[in-house]
Amino acid sequence: MALNEAPTASPVAETAAGGKDVVTDAARRPNSEPKKVHITDTPITLANWHKHISWLNVTLIIAIPIYGLVQAYWVPLHLKTALWAVVYYFMTGLGITAGYHRLWAHCSYSATLPLKIYLAAVGGGAVEGSIRWWARGHRAHHRYTDTDKDPYSVRKGLLYSHIGWMVMKQNPKRIGRTEITDLNEDPVVVWQHRNYLKVVIFMGIVFPMLVSGLGWGDWFGGFIYAGILRIFFVQQATFCVNSLAHWLGDQPFDDRNSPRDHIVTALVTLGEGYHNFHHEFPSDYRNAIEWHQYDPTKWTIWIWKQLGLAYDLKQFRANEIEKGRVQQLQKKIDQRRAKLDWGIPLEQLPVIEWDDYVDQAKNGRGLIAIAGVVHDVTDFIKDHPGGKAMINSGIGKDATAMFNGGVYNHSNAAHNQLSTMRVGVIRGGCEVEIWKRAQKENKEVESVRDEYGNRIVRAGAQVTKIPEPITTADAA
């Protein structure tokens, strides 16, 4: 089997083939026959719709559970059987989350041979494919998230990412290739893959039925509740990681792709719901990093470590995690900032002579110059909190001192509002003009900008703000 390969469409079909490459006679004879078009490359019609469906998977994940639900109407649910079904649900569910996912798909920790055998067994009891098939497909999902090479891309629809990718046939050539050398060299993975059908039948149906049958005589109840229905709920929980975790919640670490964090998804999936974190830090054995977040898979792996069954638990440094969080917060702030009116950018303001500024002010235009920037306050005069007389006294003058403490040391909000009224820059060597000229000459000027190219104006860093407040007349 090639080291970098794409998953087959069906876990059972691949296992039935023994996991080996099959070279057909047609492949040995180049150009002997034209290539057959895969059914997924043809449109769905009334005549061929049934060919697009994976009937084996439909039987396993839809038809059999329906049979179980129907039988549950007549089969009484005993308390011991119910408790056993719940316990085995968690056992097989952790076989997927702690075993298939975090151990084999992401190598986020190492396990002793007994633990590997246990996880391979109970993971098989979840009836979600062999370790090799499952982990290979999941690696493709991470490598090609939200693209056509993602085997269960949410971009194809929420229903498709949940169950459609299983019940509809997929062209294996379109699924992204991944590195699986480590899986091919793991004897437990290889053994389970070769004997997968036996593992599924025994661990999925026979074992839970034996426990309830030999334990308290409820053979058929064990078959229906701890077997069929328990498999259905484990599968649906896992499918929620592919669908719900890419649709519901927040994106505190990155929003380039669809993965999201949400407590509801975590509750449904044994802690796999903090998916945005997981896609950013996939080799971390944790999905939840806060003490209050629900992640029983993480807690179980930690307990195994204390028992000597697991070791080399991988964790990203808190510093790197926090950097990602801060960068995403900054990105969200930039998005909000881009929607606000910060006034005409300084570099786009026209440079005007002082005499022109004075003349326009004398001719009835309410212009005020503060720190070399001209502001038109005509429409604001009547709303000025300090009264009309106060603001009128600064029209046509340099009101820098007046605005920054000479009369009143204006608030940060006042500086922000003032920035939306600026209309020009005074010529004459003032600081703002020097800054503006340097911009035109492409000289390096201290100016922090966000990802959209907008200048970031921090509180107290407005161009009209004088660092040291000027002493007021009363204080003098």
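Counting starts with 1 at the first residue shown.
Glycine residues also receive a Cβ, built from the backbone N, Cα and C atoms like all the rest.
Fair warning: this is a prediction, and the values are worked out from it, not measured in the lab.
Here is what Swiss-Prot records for this protein:
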type     : residues                               : note
TOPO_DOM : 1-54                                   : topological domain 'Cytoplasmic'
COMPBIAS : 22-35                                  : compositional bias 'Basic and acidic residues'
TRANSMEM : 55-75                                  : transmembrane segment
TOPO_DOM : 76-80                                  : topological domain 'Lumenal'
TRANSMEM : 81-101                                 : transmembrane segment
BINDING  : His101, His106, His138, His142, His278 : Fe cation 1 binding site
MOTIF    : 101-106                                : motif 'Histidine box-1'
TOPO_DOM : 102-110                                : topological domain 'Cytoplasmic'
TRANSMEM : 111-131                                : transmembrane segment
TOPO_DOM : 132-199                                : topological domain 'Lumenal'
TRANSMEM : 200-220                                : transmembrane segment
TOPO_DOM : 221-476                                : topological domain 'Cytoplasmic'
MOTIF    : 275-279                                : motif 'Histidine box-3'
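On the structure: features taken from Swiss-Prot.
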residue: His101; record: Fe cation 1 binding site; Cβ contacts under 8 Å, 6 or more apart: Ala135, His138, Glu272
residue: His106; record: Fe cation 1 binding site; Cβ contacts under 8 Å, 6 or more apart: Pro282, Ser283
residue: His142; record: Fe cation 1 binding site; Cβ contacts under 8 Å, 6 or more apart: His279, Pro282
residue: His278; record: Fe cation 1 binding site; Cβ contacts under 8 Å, 6 or more apart: Pro259, Glu272, Asp284, Asn287
- Message: Counting across all protein chains present, how many other Cβ atoms fall within 10 Å of the Cβ of His138 (Fe cation 1 binding site)?
- Response: 22
- Task: Restricting attention to the topological domain 'Lumenal' (132-199), give the mean pLDDT.
- Result: 92
- Determine, for the Fe cation 1 site, the additional residues of the same chain whose CB lies within 8 Å of the mean position of the CB atoms of His101, His106, His138, His142, His278; present them in sequence order. Arg102, Ala105, Arg139, His141, Pro282
- Query: Taking residues 6+ outside the motif 'Histidine box-3' (275-279), which of them lie with a CB under 8 Å of any CB in it?
  - Reply: 142, 145, 241, 245-246, 249-254, 257, 259-261, 265, 287-289, 321
- What parts of the chain pack near the topological domain 'Lumenal' (76-80), using Cβ distances under 8 Å and only residues at least 6 beyond its ends? 212, 215-216, 218, 221, 225
- Task: Could you put numbers on the helix, strand and coil content of the topological domain 'Lumenal' (76-80), residue by residue per DSSP?
- Result: 2 helix, 0 strand, 3 coil
